[in-house]
């Protein structure tokens, strides 16, 4: 059991869910503290029936804590989290800043728990679109080695923060009543539209979001030979990312074998009955901590190929749940 | 010039656009007639400033016409169009019924015009998601032979007819005001959701919409060796289908070469400047007769691979425009 957990970024879109999960899952810790930027510091929140005052995040705020769960923008994570490590805390970070750094563990508890247990410094939680994909890939990789992945995403606005979903709903309302709306979180209108760009251009015509899906996948699975071709697209869905995934494995995996592998793997639930229109939908996976898989079928363009559809709550398993699960894993091994 | 064009299904979602296009493009014909089911027959419409009475579609209504452009459900096309051929008309059909039949031409005028000119019977216009993809594939196929295509679609509700878009807008309004809405055109809510099923299950876990993208592509390009793996998904967009396409060619095509091939091909427009967030969007391609391509890049998982994003107005180039263009092609060769 941890003595004192510091929840950093406690008021953000993901931080709110971290708090809820720590309550729901009865996280093994004696005390909890909640930290945020100076703007939110001093305000009150209720946790497990008790009132807490939000403290200001500073470089010397970590003394007395033994676990930090941080959900902040990249620049905040870069600036403050090394101080938490120096103060002797275990540090779980949900930002993108540390994930690919040398010596930082990048962990999905169902996939590579040992990396979290071996970590000397920061333990990073992967990008939301990567987490659900890699959880789905892991049982296939163990069984038949994943060689190549082609993935097109259908990503929710909640991935762009609270303003992303405000833009979706307010922009949709404005559109439906013939009014103008100025989008704040997106370069183009997201209401009733698809935007084939998430993040800036990084290299070779791919965006930062897309290349996360390549490099983070390799790091988590510990296999730099895996090829990934991602297309990351924002769609007018408030929450839950969907992914159309085609995988090539070293030996063929039949849809039946894939279904059995998925069903036997922790954290995955299969919903797959096309004749009865049953498959995962953002609307039905919202609020769940699992990764859902359906439309499992042979890739009819490749004898070693398999295609499927994958949906998960990007704020939960894609962020908050994964971080809290890392914390639970560390607690069990204290 | 045609003497007498019969527009069948003149009041439907696509038929309305056919009428507008015949006006806009000053279609080469002396006279026009408008036909629909008994329900609409007798009502009036204005075409080129003149009032027309809608006639009832019957098996012996085609006498006197030399061209039929039909936009009807499959069962109506099946029942009535053979009579139009027997009456000596050239027949252009936008339904799905005749496309794959032996002896029926399946035509995109920019791709396989000769098939329309050689046709003895019905000339079918392809499925909307196929048309935009095959137009994009054609210049690549001519230059370097397309071997394999992996495509994930982001399809608009207008593809499900007038009720599809009514469901989208009415369902969104209801959702935003916390009310219930009963969807009529979709099995699941489409507002703020993605539905990974278009059409019923056909074979091997693929839907009818998906297999159209395989078989129609082979027929139009006249190459049964092409492999296509499609995932067809309905998204909450009113009009314009988007597609995330990855192509494998016999020899590598660089993004630069692909851009030049696309730009030189009729009916295609390239919008591709990721650093400036420029790429095709449903919101900006709506109402155009072209197929738009952006996000052109190397497939980083395959030395012979190319990936791109393709958007087109599914009611126009995906249906009405393509049919009217076939008519124009026939008129030029009368």
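Numbers run from 1 along the shown chain.
Keep in mind that glycine also has a Cβ here, set from the backbone N, Cα and C atoms.
Of all Cβ atoms in the protein chains displayed, 27 besides its own lie within 10 Å of the Cβ of residue A:128 (active site, acyl-thioester intermediate). Residues or ranges marked as active site, acyl-thioester intermediate by TrEMBL: A:128.
Under a cutoff of 8 A between CB atoms, and with a sequence separation of 6+ in the same chain, the neighbours of residue A:241 (active site, proton acceptor) are A:128, A:129, A:132, A:153, A:154, A:155, A:156, A:159, A:282, A:311, A:312, A:314, A:318. According to its DSSP assignment, residue A:241 (active site, proton acceptor) is in a strand. The active site, proton acceptor annotation in TrEMBL covers A:241.
Annotation for residue A:158 (NADP(+) binding site): same-chain Cβ neighbours under 8 Å, separated by at least 6 residues, are A:13, A:164, A:165, A:238, A:239, A:314, A:315. For A:11, A:12, A:13, A:14, A:39, A:40, A:158, A:159, A:314, the entry in TrEMBL reads NADP(+) binding site.
The phosphate binding site feature in TrEMBL is assigned to A:99. Note: residue A:99 (phosphate binding site) has non-local neighbours A:106, A:124, A:126, A:127, A:212, A:216, A:219, i.e. same-chain residues 6+ apart with C-beta under 8 A of its own C-beta.
Residues or ranges marked as substrate binding site by TrEMBL: A:155, A:234. Around residue A:155 (substrate binding site), taking its Cβ as the centre, 24 other Cβ atoms fall within 10 Å, counting all chains.
Residue counts for the domain 'Semialdehyde dehydrogenase NAD-binding' (A:4-119) under DSSP (helix as H, G, I; strand as E, B; rest coil) come to 31 helix, 33 strand, 52 coil. The feature domain 'Semialdehyde dehydrogenase NAD-binding' is assigned by TrEMBL to A:4-119.
In the structure as shown, the Cβ atom of residue A:234 (substrate binding site) sits within 10 Å of 27 other Cβ atoms. Separation of the C-alpha atoms of residue A:39 (NADP(+) binding site) and residue A:234 (substrate binding site): 30 Å, rounded to the nearest whole number. Neighbour density around each Cβ, counted as other Cβ atoms within 10 Å, peaks among the binding-site residues A:11, A:13, A:39, A:314 at A:314. Under the DSSP three-state reduction, residue A:155 (substrate binding site) is assigned to strand. Taking only the Cα positions, the spacing between residue A:234 (substrate binding site) and residue A:11 (NADP(+) binding site) is 24 angstrom.
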